[in-house]
């Protein structure tokens, strides 16, 4: 009878596994078709225009909109169908981040609408329909993720798998379209800069997709056309974040949730002042470097070389600091004896895979630069700074990945129940004096600082704070009673706790510093400060077209790595 009862459960897993395989294959084919269409438009394939690509994307977004509306309506009418939640998925800070990127994406859509209105005489209607559809898609998707990112779907699982995976690859295609558009703009600027660096022997052919007509209002057209490319980095990050959150939702479909999941760990600024100060210094200096770089590069050969030298020296200094901070954090982990959490967690597994996978993009660029420096016959002075820069990029990502992955897999520190209930027993009319408030202060490292009282141990005895007023204290002091002496292990508790608090404080400062450093290193490539383009040495060794293809393929992953690392480090700071 027990086997008969168990057979349906075992057999029932096969349809769900088949649904997972079928839905993943559906999503991959959806993505490959869109990727090929995007590539065809990029290389000006015969018979393929931008309107074909936009029509395909509009269709995918409309299908996702219909599915999300159906899911939201069903959730409202049948609230009891979804009871389980994955507390690891869809963290509040992640939702806030994607909301910020979505708001800037809506501004980008408004710029595109204005751009279409000004060039409406020679643009396809799809270029006006696309930003409107995209804006509606963005608003509804952000609302959907805020409300349902933590859902563990247990009903209509086959249908939901196809709906969610469709949403994942729709966002990946929108991300690809944004990356390609932004990369083409950066490539055109790069080709113009190469002339000022003296690389006139490279064929300069601009890949221009500008409309072949005059603008109705020249000033507005200039604002829209230039503003669009400064907003694309936020649009790119929005879509990749949305696709990762939706992928976790897809992996959670039909999953049995463990009910002993971790509690919420809110972010606190307390105790991370040093890390924040140094991180803000790096962030401010990076913004200044980017501004000067974009002004100087392409102005003249001397100015361009100075801009590249300035960028490399700043990056070398920042990467060296990050390597040092990561090594210190790993050494602290080696000194601690804490077990790892090996429970099933799709969000955590995806974070680790994305860290290593996207780091490969910048590793590829770094090894290309190292090989170019070794093999090149001539070396301008600024190119030698590229060698330590490239080496440090490889080492820093290696160390940082190890620190982040170990941090998100470490179990949160648990306090012994015996210590939590530690009390001082006084033999005075059968009453007891609780040490619980004092323990909380000791554990949080605030006892002596807040009140000026002696928080813990002195002269071999245990002292408690006066809780019952001065009169009661004098009465107890006048009585011939004595305190029960505790063992040596009780006395060493405060010392151990002080060491633990110091380690936690150092780790939190390191996580805060690395968080701001990763945001700082995200800014240069996202906003056009790309020495891999402007260095010129790699184009000579590998050839212009091959190296540009490598950069265009690897750079989006390198940019995403920095933002994803910042998000992961924020989580590490909250958990530490």
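Positions of Cβ are set from backbone N, Cα and C atoms, glycine also.
Feature annotation from TrEMBL assigns transmembrane segment to 26-47 (among others).
Summarising the annotation, TrEMBL assigns transmembrane segment to 53-72 (among others). Long-range Cβ contacts of the transmembrane segment (53-72) within its own chain (Cβ-Cβ under 8 Å, at least 6 residues beyond either end) map to 30, 33-34, 37-38, 41, 124, 126-127, 129-130, 133-134, 136-137, 140-141, 144, 147-148, 160, 163, 166-167, 170, 173-174, 177.
According to TrEMBL, the transmembrane segment annotation covers 93-117 (among others).
Feature annotation from TrEMBL assigns transmembrane segment to 129-146 (among others). Outside the transmembrane segment (129-146), and at least 6 residues removed from its termini, the chain residues within Cβ reach (under 8 Å) are 54, 57-58, 61-62, 64-65, 68-69, 71-72, 90, 95, 98-99, 102, 105-106, 109-110, 112-113, 116, 167, 174, 238, 242, 245-246.
Feature annotation from TrEMBL assigns transmembrane segment to 158-176 (among others). Residues 15-16, 19-20, 22-24, 26-28, 30-31, 34-35, 38, 57, 60-61, 63-64, 67-68, 70-71, 134, 141, 236, 239-240, 242-243, 246-247, 249-250, 253 of the same chain lie 6+ residues outside the transmembrane segment (158-176) yet bring a C-beta within less than 8 angstroms of a C-beta in it.
Listed by sequence, the residues of this chain that lie at least six past the ends of the transmembrane segment (229-250) yet keep a Cβ under 8 A from its Cβ atoms are 23, 86, 89-90, 94, 97-98, 100-102, 104-105, 107-108, 111, 138, 141, 145, 148-149, 151, 153, 161, 164-165, 167-169, 171-172, 174-175, 178-179, 181-182, 185, 346-347, 350, 354, 526-527, 556, 559-560, 563. Under the heading transmembrane segment, TrEMBL lists 229-250 (among others).
Remote same-chain partners of the transmembrane segment (271-295), defined as residues 6 or more beyond its termini with a Cβ less than 8 Å from a stretch Cβ, comprise 307, 310-311, 314, 318, 321, 504-505, 508-517, 519-521, 523-524, 527-529, 573. The transmembrane segment annotation in TrEMBL covers 271-295 (among others).
Taken from TrEMBL, the feature transmembrane segment applies to 311-333 (among others). Tertiary proximity for the transmembrane segment (311-333) is limited to same-chain residues at least six positions away from its ends with a CB under 8 Å from its CB atoms, namely 278, 282, 285-286, 289, 293, 382, 385-386, 388-389, 392-393, 395-396, 399-400, 402-403, 406, 410, 503, 506-507, 510-511, 513-514, 517, 520-521, 524, 529, 531.
Taken from TrEMBL, the feature transmembrane segment covers 354-374 (among others).
Residues or ranges marked as transmembrane segment by TrEMBL: 386-405 (among others). Residues 312, 315-316, 319-320, 322-323, 326-327, 329-330, 333, 351-352, 355-356, 359, 362-363, 365-367, 369-370, 373, 514, 531, 535, 537, 561, 565, 568-569, 572 of the same chain lie 6 or more positions beyond the ends of the transmembrane segment (386-405) yet place their CB under 8 Å from a CB of it.
Per TrEMBL, the feature transmembrane segment maps to 506-528 (among others).
Feature annotation from TrEMBL assigns transmembrane segment to 540-561 (among others).
Through the fold, the transmembrane segment (540-561) approaches residues 179, 183, 187, 199, 202-203, 233, 236-237, 240, 354-355, 357-362, 364-365, 368, 371-372, 375-376, 397, 522, 525-526, 530, 532-533 of its own chain, all at least 6 residues removed from its boundaries and within a Cβ separation under 8 Å.
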